[in-house]
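Written out below as structure tokens is the structure these notes cover.
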Amino acid sequence: QQSGRRYNLFLKRRLRIDKRHESKDSIFFRDGIRRIDFVLSYVDDLNKEWEKKLERRKEFENNLQKAGLELETEDKKESEDGKIYFVKIHAPWEVLITYAEVLNIKVPIKENDIPSTVENPLDCMLTPFRLPEKVMHPEPDYFTAPFSKEKQELYLINDESTFFSPSMRNRIVYYILTRCPYGTEEGKKKFGIKRLLNNGTYSAAYPLHDCQYWKKANDPNCDSERYTLYMEWARFLRFYKEQPLDLIRKYYGEKIGIYFAWLGFYTEMLFLAAVVGLICFLYGLFTMDENMSSKEICDPAIGGEIIMCPLCDRECDYWKLNTTCAPSQYSHLFDNVATLFFAIFMGIWVTLFLEFWKRRQARLKYEWDLVDFEEEQQQLQLRPEYEAKCTQKKKNPVTQEMEPYLPLTSQAVRFCISGTTVLFWVSLIIASMIAVIVYRLAVYAAFASLMENTQTLEPISGLLTPQLATSVTASCLNFVIIMILNFLYERIAIWITDMEIPRTHLEYENRLTMKMFLFQFVNYYSSCFYVAFFKGKFVGYPGAYTYMFNRWRNEECDPAGCLIELTTQLTIVMAGKQIWGNIQEAIVPWICNWWGRRKARSNPENLYSRWEQDHDLQIFGALGLFYEYLEMVIQFGFITLFVASFPLAPLLALMNNILEIRVDSWKLTTQYRRPVAAKAHSIGVWQEILNGMAILSVVTNAFIVAFTSDMIPRLVYYYAYSANEDSPMSGYINNSLSVFQISDFPDRNKPKVNPDNFVICRYRDYRYPPDHERKYLHTMQFWHILAAKMAFIIIMEHVVFIVKFFVAWMIPDVPADVKAKIKREKYLTQKILHEYELEKLKEKLCRGDTQATEKEFIATEGKVELSRAM
């Protein structure tokens, strides 16, 4: 009998050990019932702070248990490296319903009976792009209402353990963690997991993924949503499929869901812009041989006989115009009539994109129960850092409660420091841009001398001119400087925003967004603005050149115009940023995770616990989404502000975004810890930034067409100065080049040698010849062209703005069917709530017939009737 007992005890222990090993890759406590909603980890390092950290943890965990949370600790002996403790947190039903009411979480009260919209007859053509229905709509559609503990019978609670989704649960637990106190230090009350992470008391805090991404969980109670997201969304081979937005929202929360909805919609809209841009580019390609300007430049009898003035002082020689034959042909690809059409088209496209996004956003707000959501309570509540750093208190006029505040004088000082820092860094960008301009001016002569004296470069001298070599190397140098400044400023921007002590999370994000965007705007676009609007505009003329710092002669444009250089600059910066961004987003986290998991691969899979697997992943961070938006908004600027110079920019952006969606989804699903779910009803302040850029893009593209391209001078010549009716554009090149007498060169400008004894040289401008009484002054044609440019800018801006505002007025922000559904849902929800109240009052009357209850019953019944009438 005793041996039988021993055998039974042995079996129980063996079963316990086996069960424990089985549950290592599990999202439940050891009992297999209570779900792990959050995990805290720490390392027990024996330094001088050890006792203080131990005390903080003990106090914090005690207070979490007092708040109703249940904890279970995994000893460091159980961890893979034998160093890390893991504290698993479970929120029981009582805690969930309490904080669901506090956070105003909406829950189902009745299945939606509003019929779905009529199916589109073209839907059958879109079948290859569709995902299975269970992936696209993982849950039925319900009418919802804010949760109330007193009305639990009203809600569709089938199972308490699954009523609140995992993302809702981790949101509730994180809310408690950010506000739970852990003691008093230096006379101040300390609280919140963020502070404990910053001071090293805990090393990490995160919710768990529900399974491994490459296979389903063994537990039948687990939905394996991560696996579904990976298989249907996060693989590049699914690039042509729609995104499962409802599943993304369910797993990651509305804030991440709205980002992917916006990115997907932006990519869809880019398809139209990319097609039109490609057609405009092909038009330039097919009409390249018909371009009279490049024909005349390349013609040995015309371009070969025109001697151009040197492009730099002393070192540069006279040169023949036909040496720029190839660049002039390539310039026609982007500088043609289609450029004007595309610039106007993109001005209208931007408006359509923004207006249709508002409609898409309104539909998502209805479908995701965000209609009455102004801003998440958690967003509008005071930041723990604000509460901790603000020692003074005053009464809130709304709540009539005492709350911390920052004195006006302190705010003013902090804003002054912040503003000065931002101005300093913006000035630093401008200084770096001036340094690149100086580089361009200084190395041009070196490139010209090198190419003239190096025989090996002679075969490619037609393609690689000194101008192009200078432009490409300067663009690459500029890109490197941009990335370095960007890396440094990111840290500075976060530091100065922290120093300002914003009151709420929303305020913090908005301030950081404006700082980062202002910096990135100047950083990425300043070089493009220089090439588009300044290069070649303030050159002077031979004998009276203008100089930067009285030393370096200002750059001239190619005889075919500066547009090809703007295209080069835009391509290098835009493409370089996109390639670098994808390397940073995908390859770096993968290498870090591979390095972190290299030891764990030697262990059996069932011993590598779910919390350890997630601990070894990268941290997405509170600003993870912020950087994603910033990257896309900067790209949006490239394809709108300077699109007149590069019609293929939308095509590049489209290809990048197809990759970007899958890279972002892949890294979020496989390489990062699960982010804490958060709500958002829109893309926030980014909408206003996009609106501002849309308006600015009309102005910049009008100026690019007028001042950077050669379109207006060609049109003026065609209609006013051409003498050849059969070929109106013949003679344009000769007409656009002024004459300079070489003997008028001062010693500072004159080339060292003139072996062919040239008497005159030509330069790009409209000035009188040396034998005219108004020698070297601007001709009337110059003023005609300037007037035409100004008239074109005014007309184009007014036409595009009128069309933009008309389109915006014509397209309502909320679709008519969504408006009807919102009204229907509000009516039915109110009716259900009123009828519930009526039933409760009837029960009260049955139990005890008091006069107060009778009056309450009559009032409630009247309210129901009034609701029906409304």
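Note that Cβ sites are derived from N, Cα and C of the backbone, with glycine treated the same way.
Copied over from TrEMBL:
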type	residues	note
COILED	43-77	coiled coil
DOMAIN	28-245	domain 'Anoctamin dimerisation'
DOMAIN	248-825	domain 'Anoctamin transmembrane'
TRANSMEM	259-286	transmembrane segment
TRANSMEM	337-357	transmembrane segment
TRANSMEM	422-447	transmembrane segment
TRANSMEM	467-489	transmembrane segment
TRANSMEM	516-533	transmembrane segment
TRANSMEM	633-654	transmembrane segment
TRANSMEM	689-709	transmembrane segment
TRANSMEM	782-811	transmembrane segment
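By the count of Cβ pairs under 8 Å, the stretch nearest in packing to the transmembrane segment (259-286) among 516-533, 633-654, 689-709, 782-811 is 633-654.
Counted over residue pairs 6 or more apart, the CB atoms of the transmembrane segment (422-447) and the transmembrane segment (782-811) come under 8 Å in fewer than three pairs, which marks the two as apart. Fewer than three CB pairs closer than 8 A are found between the transmembrane segment (633-654) and the transmembrane segment (782-811), and contact between the two stretches is not assigned (pairs 6 or more residues apart).
If one looks beyond the transmembrane segment (782-811) by at least 6 residues along the same chain, the residues whose Cβ comes under 8 Å of a Cβ in the stretch are 343-344, 347-348, 350-352, 354-356, 359, 694, 698-699, 702-703, 705-707, 712-713, 715-716, 720, 765-767. Touching of the transmembrane segment (337-357) and the transmembrane segment (689-709) is concluded from the presence of at least three CB pairs under 8 A, sequence neighbours closer than 6 excluded.
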